[in-house]
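What TrEMBL says about this one:
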type: DOMAIN; residues: 22-276; note: domain 'Thiolase N-terminal'
type: ACT_SITE; residues: Cys107; note: active site, acyl-thioester intermediate
type: DOMAIN; residues: 286-404; note: domain 'Thiolase C-terminal'
type: ACT_SITE; residues: His363; note: active site, proton acceptor
type: ACT_SITE; residues: Cys393; note: active site, proton acceptor
Amino acid sequence: MATQSSSSPAYQRLLEQRDDDVVIVSAIRSAMTKGKKGGFKDTRPDFILSNVLHAVYSRVNLDPKLIEDVAVGNVLPPGGGASAARMASLHAGIPNTTAVNTVNRQCSSGLTAITQIANEIRAGQINIGIGAGVESMTHGFGSRAAPEISDEILENQDAEDCLLPMGITSENVAKDFGISRQIQDEFAANSFQKAAAANKAGKFKDEIVPIRTKFIDPKTEKEVEIVVDADDGIRDGVTAQSLSKLKPAFTKDGCTHAGNASQVSDGAAAVLLTRRSVAKKLGLPIVGKFVTSAVVGVPPRIMGVGPAFAIPKVLDLVGLNKDEVDFYEINEAFASQAVFSVQHLKIPFEKVNINGGAIAMGHPLGCTGARQVATGLNIAKQTGKRVFITSMCIGSGMGMAGVFVSEH
């Protein structure tokens with residue numbers, strides 16, 4: 001799977017190392033577990049986040065007093081969100097002199113948090129920071145999150161379309177662009193198969209921090225202590241044929257169902273960033289480089305097409321063509337939109353989500369943007385690949401993409 005154009009000037013420029021580069025010295029995630037029934041069903045998001053924040057700096061022996069800012073992506077925050085993130089940061093051993101904020105750009109919140117910290121470093125505002133993301137869909141997901149919108153706003157069709165259930169936007173993408181049920185099921189089955197194989201081979205271990213937590217056994221109702229160290233939504237033996245038997249979830253004649261959409265999940269991820277000169281001075285390991293990111297808006301009724309337009313924008317920013325990218329992490333919110341994005345861009349499917357994606361592993365909303373970076377760096381280390389792009393569609397009609405370089 002070597003790149004065809006890896007000797008191009010643009011590609012080689014990305015590999016160059018400068019003292020003012022924004023680099024990644026550590027990237028880690030929790031396991032992603034099934035909402036309401038997985039390993040974190042009785043664990044609050046602040047506790048998952050605290051464990052991940054502690055791991056991301058302690059694994060590289062960084063003095064937490066040197067961390068100046070922490071940005072946390074979170075889509076369904078209890079009570080406003082920032083306080084829980086601040087409390088998690090303090091519990092993680094990060095001192096009260098370190099600032100914290102939460103950011104919500106829906107499914108790209110984790111990547112938005114990383115971008116915010118990277119830009120603060122680039123602007124000279126801070127030297128070291130953490131971009132993170134967390135979501136407990138067990139404790140945050142559901143109708144209580146539905147907003148009440150004024151009638152005047154709803155007179156605008158695009159504004160009203162922002163309230164469409166995500167599953168309906170998936171059906172719209174499939175219908176508008178002719179993405180068949182069969183190809184969606186084939187894509188989803190492939191995601192499960194890749195993730196199951198990667199899991200069996202231990203390929204996720206280096207990116208996951210084990211978390212000791214409490215779990216109430218649904219049969220005995222007894223509270224026990226468990227260690228959550230593996231994604232529990234990954235299933236063996238999934239085929240396109242087995243998925244073809246599942247009923248559509250959103251419309252009678254639709255094609256989106258529980259097996260070809262992302263799983264409702266709990267999890268967190270964190271990325272520790274600094275300037276290359278600072279990393280060298282402190283003797284910190286450099287595992288990767290944040291290059292840049294880009295956001296776009298798309299029609300809310302087909303919000304899933306976001307990556308198809310965000311990826312070209314970020315490629316233009318760095319002067320690369322799509323074939324020069326070694327691999328892609330494109331979030332699988334739904335098979336319909338992931339397939340459309342890959343086909344629209346004419347990216348080989350074998351370059352996308354090498355170890356599986358959100359259909360198999362889960363999509364804790366605020367976490368995913370940071371999780372993809374931890375996964376991408378781990379894949380790069382395992383394969384020797386260097387340049388990768390992460391991307392995702394965003395509820396209400398947007399897309400985001402980021403360019404990263406591995407230095408493992």
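Each residue, glycine too, has its Cβ placed from N, Cα and C.
Any TrEMBL annotation is an automated prediction that lacks curation.
Projection of TrEMBL feature records onto the structure.
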residue	record	Cβ neighbours (10 Å)
Cys107	active site, acyl-thioester intermediate	32
His363	active site, proton acceptor	26
Cys393	active site, proton acceptor	34
Quiz prompt | Separation of alpha carbons, His363 (active site, proton acceptor) and Cys393 (active site, proton acceptor) (Å) | solution = 12
Quiz prompt | Counts of helix, strand and coil residues, the domain 'Thiolase C-terminal' (286-404), according to DSSP | solution = 56 helix, 31 strand, 32 coil
